[in-house]
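Chemist: What follows is a single structure, and I will ask about it in a moment.
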Amino acid sequence: MPSNKSVSDAPIVQFTNCRILRDHQLQREDLWVREGKILNPEKLFFDEKGSADVQLDCKDSIIAPGFIDVQINGGFGVDFSLATDDFRSGIDLVSQKILSHGVTSFCPTLVTSPPSVYHQVLPQISVRNGGAHGAGILGAHLEGPFISKEKKGAHPEHCLRTFEAGAFQDLLATYGSLDCVQIVTLAPEMRRSSEVIQELTKRGICVSLGHSVANLSQAEEAVQHGATFITHLFNAMLPFHHRDPGIVGLLTSDKIPAGRRVFYGMISDGIHTNPAALRIAHRAHPKGLVLVTDAIAGMGLAPGRHTLGQQVVEIDGLNTYIAGTKTLSGSVATMDTCVRHFQEATGCSVETALEAASLHPAQLLGIEHKKGTLNYDSDADFLMLNDNLYVQATYIAGEEVWRQDASGM
């Protein structure tokens, strides 16, 4: 058999003295990486007769897949729903800063905006791999403007739209382009939403139900037409009612097409959902839970006034409100904080908490063959964490891109 050098000259790194999250369990194994991918050591030993070029002692850390945030509106003073001249440098700043939260891939999210904003901003978002420059961009999440006036939350009412005749063309005209779009949140009770859901799904775009007054049968119909996600469960939707549980009822619906799974986002920041609500959702449908931050421009900044698209918001501790009201408007929570709060609130295992921020969002987007796991041949995007789930180091494509220094920064 050839030596490993004839297969590839790239160095092989062996991470030792660690517990790896693989197959839903923390396993005491080494992690092998080459050319940005997780390597199968058996193939290396037996087929290539190869060995590690570098060994790194992980000092008993947990190694878990990098976190994937599919709903983040901005952070560090950057608002993805504002069309600015330096939009690209803003997105670069956020992608760099969230490495310290363990996020290795994300979907920049735009809240309801005028068409001119979509036309200016979307061409500036491009899907790209992560690296030392920051977390990878998986595509945009467009939350609105095709949502319910009654459940608009922090979305500006004057920008909301309905589907007219030629609904999909209307959506295209509003957004300008779907080239870099990964997720669209809409209200499924809107007339003509079914044809839009089918068209988006046909193009490989994930349709999420949210900011909606849909009843359960409308939500089930949307899922039958291709919708697969629920935007921040419990927030901006009808509250659970025993005679018609609304969108929440999808968690235990018996009308989901065979072989399909409905996923649902939850903002596990201790503000948006009571821990009991988090527990109810998790116990009802654990494999569908996807942790999202729904973070706004004020994340990482001092309390005070900041923006969310067309609105001014006020940050008071961990609470964020539309200025002058008590309407919640996104969060300032970081993904690692959400993971820790979720584990504490539900009493779930460490593995379950970590997978809600990695495996599940990857499955939602259909990229679990390369992200969200530490399976052989998947991308070597992973974290080192301590037993309390604080991130110690972040790796993308096998390269260290962030490490907590000795001073705890």
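Here the Cβ of each residue, glycine as well, is placed from N, Cα and C on the backbone.
Just so it is clear, the model here is predicted, and its values are computed rather than measured.
As listed in TrEMBL for this protein:
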- 62-401: domain 'Amidohydrolase-related' (DOMAIN)
- GLU143, HIS211, HIS232: Zn(2+) binding site (BINDING)
- ALA154, ASN235, ALA236, ARG243, HIS272, LEU328, SER329, GLY330: substrate binding site (BINDING)
- ASP294: active site, proton donor/acceptor (ACT_SITE)
Chemist: A 10 Å Cβ contact count, applied to the binding-site residues ALA236, LEU328: which residue has the minimum?
Modeler: LEU328
Chemist: What subset of the recorded positions ARG243, HIS272, ASP294, LEU328 lies within 10 angstroms of HIS232 (Zn(2+) binding site), using C-alpha positions?
Modeler: HIS272, ASP294
Chemist: Within 8 Å of the Cβ centre of GLU143, HIS211, HIS232, which other residues of the chain have their Cβ, at the recorded Zn(2+) site?
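Modeler: Those within range, site residues removed, are GLN71, VAL111, GLY144, ILE147, GLY153, HIS155, THR185, SER208, GLY210, THR231, ASN235, ALA236, ASP294.
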Chemist: Under 8 Å Cβ to Cβ from HIS211 (Zn(2+) binding site), same chain, six or more residues apart: give me those in sequence order, or none if nothing qualifies.
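Modeler: Counting only residues 6 or more apart in sequence, the Cβ neighbours of HIS211 (Zn(2+) binding site) under 8 Å are GLU143, GLY144, ILE147, SER148, LYS151, LYS152, GLY153, HIS155, THR185, ALA187, THR231, ALA236, MET237.
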Chemist: For a quick check of packing: other C-beta atoms within 10 Å of the C-beta of GLY330 (substrate binding site), how many?
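Modeler: Taking every protein chain into account, the count is 32.
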Chemist: In whole Å, note down how far the CA of ASP294 (active site, proton donor/acceptor) lies from the CA of HIS272 (substrate binding site).
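Modeler: Here the two Cα atoms lie 10 Å apart.
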